[in-house]
Amino acid sequence: QLDPENTGFIGVETFASLVHSHELPLDPAKLDMLVALAQGNDEGQVCYQELVDLISSKRSSSFKRAIANGQRALPRDVLLDETGLGFYKRFVRYVAYEILPCEMDRRWYFYQHRTCPPPVFMAAVTLTQVRGQRCAVPRLSLAEVSWLEQLGFNALLQLMIGVPLEMVHGILRISFLYLAGVLAGSLTVSITDMRAPLVGGSGGVYALCSAHLANVVMNWAGMRCPYKLLRMVLALVCMSSEVGRAVWLRFSPPLPASGPQPSFMAHLAGAIVGISMGLTILRSYEESLQDQCGWWVLLLSYGTFLLFAVFWNIFAYDLLGAQIPPPP
C-alpha cells in the first residue's frame, strides 16, 4: 500500500508515521538507524531490503556504508548521556566504548546485548591453564619459576582483553582467533626453535592483544576510551618488555640448575596472526566474514602455513639429513 509502483522504496516520513501510528516495537537504536539509512539515500527514502536487514539484525558492508552516510544527523554520545543504568549495563557501555570505534556500532551493541551466552571461553581457558600449571608446580626447577611469571602475565591479558572482545564479537570469532594464534605459535616454535619448550598460550594472547591494538590504531579518531594514548603506550611497553625478557632468557647463559627457557617465537607468530586475521575479524563487527574476499585470502594463507609447518616437522629433517633435537 505504501509502495504502489513497487519500486522497493518508501519515504522516511511515511514509514515514521506508520511506526508511530501502529506503535511498532522497534528499539531506539534500530529506529535511529532507519533514519540514518534514509538520510544516506539521496532521495531520503527507505529501501525495503535494508528495512528487512535492519529488523532481522543483519548488517552487510553496504548496510554499514548507508549508515555512515546518514550518521552525521544522528545524536552523538547517547550512551554517555544514559542515566539510571545498573552496574552490569554500565559495564556493557564501558565495553562498547573500549572495543568499538563507531557510535552506531556502540549503540547497536548496547541495545542488542544479551547476557546469554556469557563470555565463558576466555575464563575457561585461563582456569584450565592455571589448574594445569598448579599441578606441575612441585616438579618445577628454580629457573622454571619464569614460566609461572609468563603464565600469570598471559592470564591477566586474557581476562583484561579477551573477555571484553568475547562479549562484543562472540565466542566463535574470539575462540577461533585465539586458537589460531596458539596453533601458529606452536608450529612456528617447532620450525624455528625446536629445542625450546612451549608453555601457556602466548600465541593466542598476543593474537588477541595485537588485533585489539591494531584496531585501536586503525580507528584512532573514533575510539572514545579514556586515556587511550597513555594506555596504548603502556600496553606496547609491557608487551615489548615481556618479549624482550623472553629473548634474553632464551639466549643468556643458563644457570647451573636451570632447564631450557621457553621460546619467544610463539609471541611473534601470535602477533602476526592478530594483526592480519584478527584485525579483519574485529573490523567486521556483526558482518558476515564469508562474504569478504580478504577473509578467504587470509584463510588460504593461514592454511598454507599450517600445511608447510606440518610437512616440515614430518619430512624436513630426513630430507636435510639432520637429526631431530633431543627433548629438553
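Glycine too: its Cβ is placed from the backbone N, Cα and C atoms.
Remember, TrEMBL labels are computer predictions, not curated facts.
The active site, nucleophile feature in TrEMBL is assigned to Ser202. The active site annotation in TrEMBL covers His267. The domain 'Peptidase S54 rhomboid' annotation in TrEMBL covers 150-283. Residues or ranges marked as transmembrane segment in TrEMBL: 170-191, 203-222, 263-282, 294-315.
Its Cβ taken as reference, the residue listed as 'active site' is surrounded by 28 other Cβ atoms within 10 Å in the chains shown. Where the transmembrane segment (294-315) meets the stretches 170-191, 203-222, 263-282, the count of C-beta pairs under 8 angstroms peaks at 170-191.
Within its own chain, the transmembrane segment (263-282) is flanked in space by residues 99, 165, 169, 173, 176-177, 180-182, 184-189, 192-193, 196-198, 202-212, 214-215, 218, 242-243, 246-247, 250, 289, 292, 294-295, 298-299, 301-302, which lie at least six positions past its ends and keep a Cβ under 8 Å from the stretch. In this structure the C-alpha atoms belonging to the residue listed as 'active site, nucleophile' and the residue listed as 'active site' are separated by 6 Å.
Remote same-chain partners of the transmembrane segment (170-191), defined as residues 6 or more beyond its termini with a Cβ less than 8 Å from a stretch Cβ, comprise 117, 119-122, 125, 162, 198, 201-208, 211, 263, 265-270, 272-274, 277-278, 281, 289, 302, 305-306, 309-310, 312-313.
Each residue in the domain 'Peptidase S54 rhomboid' (150-283) gets a DSSP state, and the totals come to 102 helix, 0 strand, 32 coil.
Within the model, the domain 'Peptidase S54 rhomboid' (150-283) carries an average pLDDT of 83. When other Cβ atoms within 10 Å of the Cβ of Ser202 (active site, nucleophile) are tallied across all protein chains shown, the result is 32.
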